[in-house]
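Visitor: The structure's right below; bear with me while I get my questions together.
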């Protein structure tokens, strides 16, 4: 069977070969993620070109995602490169410039002394080392180590519960976004989203450049969970980024947040990616743990559009095996059922009602496929959220829409000429599906489109059609 859940792979040092990137595409990579927290522009340009070449060579749609670093807060550098903070020690984190020593080190967040208050927690290196703020003395935040461990240059800091006032887009992010858009990426992920207004800052940069692409909100902060519905509505897609989320929130809350975010995204026809440590042990080992296999399976059962591999493919020893393993797990779950938790949302929009009706007609008539003509991808996403067992085929004249739909559940997208009439649409369906050799004359399909063609948001037509028959 054809896999319906999509796979996002992070590119990095482990994937710096043309043949390996092509192998990843052939194994099931649907979206290639470029992580702008690492690498330089030359690295990203080469990676981008590798993906485009592999996509063209294999005929598979592969989207390219630029993941912006966001206002990531880090320690500065230590004179010795590293040290070990023991429980009970006092350490100072300063917003001033200094050469780091064992008990005093700088931070990239220059408002820390203004935002911190006694009792705040400071977590270093994804929570491996924990501090509590005792006092603020000038530029220094004085802390006590409550959970000790090794620390080294540029380790990340999380500040759960602190009212952090860093901007949603740093200067680096603006430069990276400009580069990525000019390069031609298909979508952008914004890190550490806190408010629905954060997307407006990204759109301002996009509008200056003259190119808008979908923006994915990475859910990593408690504020994002508090504003979840508004963020889902404002952004084009969401990513449940469980790494930082698991540091900022109690661990036991993360699975429930994941399920809630997936359901809310589906209710609003927004793609949702589940990320972080899906097959983490495969960074070092050729096989995942049983718990990781269950984690992947449960994300599929929750209704996620796509699952993401991070270190497994960017720096891991077995990137190709990781993709193949994830694909096998997804397929095994889908062989049992493509169903997801039922949607409670009752559509009240024209496109929402039409998508439900097309799904119902197709399933009751035992159609061979649902076919949707789309200019923006919206109608296809509304169909995809229903998790129909019927194949979902998207026809578009826009290559960027084909690439963007690569992260949407169950969607196979084809580039077709711009249509001038509904009769032309139906003839194109016959031509394309017969060329696939998976369909034959007389097979029943349900077509969803807008009439007259050529207007975004004009979906108003459902046509029940037998391939090759003159019913136009």
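Cβ coordinates come from backbone N, Cα and C, glycine included.
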Visitor: Based on what Swiss-Prot says, identify which of 37, 55, 170, 281 is the phosphoserine one.
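Guide: Matching 37, 55, 170, 281 against Swiss-Prot annotations yields 37.
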Visitor: Among 83, 90, 276, 289, indicate the single residue that Swiss-Prot lists for the substrate site containing 33, 243, 244.
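Guide: Swiss-Prot lists 33, 243, 244 binding substrate, and from 83, 90, 276, 289 it also lists 276.
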Visitor: Per Swiss-Prot, which one of 74, 77, 121, 194 shares the ATP site with 35, 36, 37, 38, 155?
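Guide: According to Swiss-Prot, the candidate sharing the ATP site with 35, 36, 37, 38, 155 is 74.
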Visitor: Which state, by DSSP, holds residue 243 (substrate binding site): helix, strand or coil?
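Guide: Its secondary structure by DSSP: helix.
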Visitor: Want to know which binding-site residues, from 35, 36, 38, 74, 155, 220, are within 10 Å of residue 243 (substrate binding site) at Cα; which are they?
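Guide: The binding-site residues passing the 10 Å Cα test are 220.
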Visitor: If we count other C-beta atoms within 10 Å, could you say which of the binding-site residues 67, 220, 244 has the fewest?
Guide: 244
Visitor: Give me the largest Cα to Cα distance among 33, 243, 244, 276, the residues the record lists as binding substrate, in Å as a whole number.
Guide: 18
Visitor: Do me a favour and check the Cα-Cα span between residue 244 (substrate binding site) and residue 67 (K(+) binding site); whole Å is fine.
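Guide: About 15 Å separate the Cα atoms of these two residues.
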Visitor: Near residue 35 (ATP binding site) in space, meaning Cα within 10 angstroms, which of the recorded positions do we find among 218, 220, 276?
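Guide: Candidates kept after distance check: none.
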